[in-house]
Structure formats: structure tokens, C-alpha cells
Ligand SMILES: NC(=O)C1=CN([C@@H]2O[C@H](COP(=O)(O)OP(=O)(O)OC[C@H]3O[C@@H](n4cnc5c(N)ncnc54)[C@H](O)[C@@H]3O)[C@@H](O)[C@H]2O)[C@@H](O)CC1
């Protein structure tokens, strides 16, 4: 897993690197600026582009000054530096770099008042006003400057983090923030890049390696982790020689209602494709013909027959919720499942029923996986004003009750029993269609049935789900949930070969 760092941890990594390599802070700024321009030149190779570089008073501004000097060395012809320091707080590193850049034949302007703002409409603005040192919302002049930058029509490239966006913690949508087309960020994406409220500030980001000590970074006790393909390859076990259907578990999918049988079919098909040895669907009898026609491999059990603990004992894992409907019957079924003593996944209407009977939340057994989207999450655990607070609540619950929450989102967050947050990097907007959640449930259930630890099943399931979609999105604009499900075996093949 790639450990994501808080600002404080990133500073500690800076200091550690400085000590270990016996360099200075100024050397690190030079290194950061060098890493920035290498990526910048790939993205924007035209040396005749008009580039306005807006520099604030701290190290982020110092980066901007060195970036300007390095771009000049790389033959970028039309560079203008704008110094912005409305509060008179220029920091030592900034002053050192200013002295350095003044020796170059570069145009340098001081922005005394906001109305002096200028930029080439179709040019580039490199925004180095504030980075991770932002410590409060930006006041009036800064807010006005940011508004002008955003309205300038230029392509905005932010250094490390768009000015106004906190690296971690609650993002208030009312705070002024630079709306960057691209952020070139140092060493690691900042935690808030993965929160939906950062969408206005960040269109895309890339990471510039500034060679901080990776060993030190990985040792930090962090909450947020970015999942990588390597992690998934280490979790997934290839199928064994001499194995048989019994080796890979028996999954029970409790899903579907008269009008929502598709949800049951999608979850069951994903469960098959993701490798459960046997899959049984508990659906209303009206869906039997559809089930037999679409998925002949899936067995059927009448929902009514699942009436007590004994009737659930032959299954290795149980997933309930997609398309079940919010009814007393569903609620009764969920109560029974909470007491079944089986690996359990609760989704959709199973969660909606729990939300109506909150006392049941306390009875959710350890190891259970809940897969809510934002609205389902808030119905269960209370309304939240921000995603940061939502994640805090999820961490409190998972630590206290030892269950796992998969909070669905563009970057889905899996929160494990220790309150650690695993951010899924796969997936894309072509997936924004009904049925995707049902498929995700089916995949995770299949992994649970195969004996994977709940959090690992959840993390791996999310990765496979998004990866299948990413493969399809290479040549199609939208993706049906059933297509995504059908792509799972190939993704599993690629991840295990
Ligand atoms: N490991 C890394 O990530 C590295 C980071 N570096 C750069 O250093 C930056 C962090 O530098 P700093 O800590 O100096 O922070 P910034 O440059 O982001 O800002 C600090 C300055 O802004 C002022 N300030 C903060 N919030 C303000 C507000 N709301 N209104 C007005 N003034 C405000 C502070 O008083 C201080 O003068 C990073 O974003 C990055 O660009 C690189 O230079 C070196 C390596």
C-alpha cells in the first residue's frame, strides 16, 4: 500500500531526508522545482507558450521562483514572474530564491494590489501561491486574486496543491480555491485529492518524485493508504492444482424483488465470474425463469426456506441487499443474518432496513462488510456535512464494532477494523450507471466465500471492479454493469499470472 502523509508527516519526511542526505531545505526546493519542470515540459512542450508564474510568500512560492528559472534554462521564451505578498510575510527560503532568480534576465513584477493582475488568456498560469502550508482560509485580497486567476481563461497548473485547498481535513466548498487544470504534486498525492469536494480545485494530478526517503515514509503511522496493483497481486491467490468447486466456497446471494430481479442477477453473475465455487440465489420464485435462462450455473433456493440459522449453515458466505426492497420481510431476514455466524456482506436495501431499525447496528457481527453509498451511509450513521467527517464516523464505527465499511464513491474508501482507510484508485465515470453496486457486492461476496479476510476481500473487490471498468473504458464511453461483470475473469487472470 502507498502510505499517504499528512502535512506534518510530509514535513518530517523532508527533515529526515535533509538530515540523511546532508542537504539543505534550499536544495530540496531545487529538487522539487526540477521534478516539477520535468513533468511540466512533457505536458506543455511548446517553448513559445506564454507562462505567468504567480508566487506566494512561502516555500511554495520559492518553488515557483526556481521553476521560473529552470523553465528559462529549458528555453521557454515567454515567462513572467508575479510576486504576491499582500501580508508582508515572505519566508527566508523565498527570499533566498528571489535573490537567485533576480540574477536571471526574467521579467519580475510585484503584485501590490489585486487589480494589477494580468495573465495571457490562452497561456499558462503556474500557480505557486500556497501549498501545504495553508493554515487558515484565505482572506479578501487572496480570494480576489484567486477569482481572477480562475476567470483568466489561462490553463492553470498548480505547484503541489491548488492554493486554498487544505491538504487534509474538512474542505469547505465556500472557501476560495484555485481551480487547477493540472496539479503537479510532490512525492505523494495529498489526502484531500481523493475527497469529492476537491473536484472544483483539481481536474487532474500527477506526482513528481522528489526522492524523499521512501523507507521513512512507509514507516509513518498513517491512516490513509492508496491501494496499488502490486498490493492486489499479493492478496489474490491463483487457483490451485487439484482444486474443485468445494475449494472455492459456496456463496449465497439474497437479492431481488418482483420489480428488481436484475439486481439479483447482476450480483449473482459477478459472484460467478469472481470465482465462487458455488453460487446460490435466494430470489422470489417469479425470477426463477430469468435466473435459469441468464445464469444456468447459479442454483436457486426459495427465500422462504431461509427461515432459521440451520438453513444458512451450508453457505461459506452470505451477501444480502441488492433489490430486496425495504420491507418487514427484508428486516427480518437481516436480523436473522446478523445471528447466522457466517461471513456476511450487507448492501443496498439490507442497509436501508438497518437504517430504519438502528438498534440492530450494535448487533452487526465483527467482520461484516457494509457497502453503502453516501446516502445509505448517512441514513445509517447520521447526516454529514463533509466527506472528511463521514470518514471519521466510519473509522469510529469500524474500530468500535470491528466491521468493515466500503464507502462507495469515485475513489471508494474501504475502512477496516483498525480504522485504516484504503483508497481504491481504479474506476471511471463511464461506470456511472445502475447495477454497478450490485456487481461490486457480488465480487466481494465471491472473495469472502473463497476465504479471504473481509477487509482484503473488500479492497480487492473494489480494485477488480474498477479495473474491469477501466479496461472497457479504453474504447467505450459508457459501461453496462453486466459487461463489467463479464470482464472480471480476464482481470483476475491478469492479476494472478
Ligand atoms: N516534501 C515536500 O512536499 C516539499 C514541499 N515543498 C514546497 O513547500 C510547500 C510548503 O511550504 P510552506 O510550508 O512554506 O507553505 P506555503 O508556501 O504553502 O505557505 C506558507 C506561507 O503562507 C502563509 N499562509 C498560510 N496560510 C495563509 C493564509 N490563509 N493567508 C495568508 N497567508 C497564509 C504562512 O504564514 C507562510 O508565510 C509545499 O506545498 C511545496 O510546494 C518543496 O519546496 C520541498 C519539498
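Each Cβ is built from the backbone N, Cα and C atoms, and glycine gets one as well.
TrEMBL has this to say about the protein:
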type	residues	note
BINDING	263, 323, 373, 438	(6S)-NADPHX binding site
BINDING	408, 409, 410, 411, 412, 437	AMP binding site
DOMAIN	10-218	domain 'YjeF N-terminal'
DOMAIN	228-495	domain 'YjeF C-terminal'
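Projection of TrEMBL feature records onto the structure.
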residue: 263; record: (6S)-NADPHX binding site; DSSP class: helix
residue: 323; record: (6S)-NADPHX binding site; DSSP class: coil
residue: 373; record: (6S)-NADPHX binding site; DSSP class: strand
residue: 408; record: AMP binding site; DSSP class: strand
residue: 437; record: AMP binding site; DSSP class: helix
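Other Cβ atoms within 10 Å of the Cβ of residue 412 (AMP binding site), summed over all protein chains shown, number 26. Residue 373 ((6S)-NADPHX binding site) is 5 Å away from residue 408 (AMP binding site) when you measure Cα to Cα. Comparing C-alpha positions, residue 323 ((6S)-NADPHX binding site) sits nearest to 437 among the binding-site residues 409, 410, 411, 412, 437. For residue 411 (AMP binding site), the same-chain residues lying six or more positions away in sequence with a CB closer than 8 A to its CB are 194, 423, 424, 425, 427. In sequence order, 373 are the binding-site residues from 263, 373, 438 with a C-alpha within 10 Å of the C-alpha of residue 409 (AMP binding site). When the C-alpha distances from residue 410 (AMP binding site) to the binding-site residues 263, 373, 438 are tabulated, the minimum falls on 373. Here the candidates are the binding-site residues 263, 373, 438, and by Cα distance the one nearest residue 412 (AMP binding site) turns out to be 373. Apart from 263, 323, 373, 438, the residues listed for (6S)-NADPHX, the same chain places the Cβ atoms of 255, 260, 266, 267, 321, 322, 347, 348, 349, 434, 435, 437, 441 within 8 Å of the centroid of those Cβ atoms. The record gives 408, 409, 410, 411, 412, 437 for AMP. Within 8 Å of the mean position of their Cβ atoms, the other Cβ atoms in that chain belong to 373, 407, 413, 424, 427, 462.
Rounded to the nearest whole angstrom, the C-alpha distance between residue 373 ((6S)-NADPHX binding site) and residue 437 (AMP binding site) is 9. The highest number of surrounding Cβ atoms within 10 Å, among the binding-site residues 409, 410, is found at 409. Non-local neighbourhood of residue 438 ((6S)-NADPHX binding site): 255, 262, 263, 264, 266, 267, 270, 322, 323, 347, 348, 481, each in the same chain, at least six residues away, with C-beta under 8 Å from its C-beta. Counting every protein chain shown, the number of other Cβ atoms lying within 10 Å of the Cβ of residue 408 (AMP binding site) is 22. Summarising the environment of residue 263 ((6S)-NADPHX binding site), the number of other Cβ atoms within 10 Å of its Cβ, over all protein chains shown, is 29. Cβ neighbour count for residue 323 ((6S)-NADPHX binding site) (all protein chains, 10 Å cutoff from its Cβ): 24. Looking only at the domain 'YjeF N-terminal' (10-218), the predicted model's pLDDT averages out at 96.
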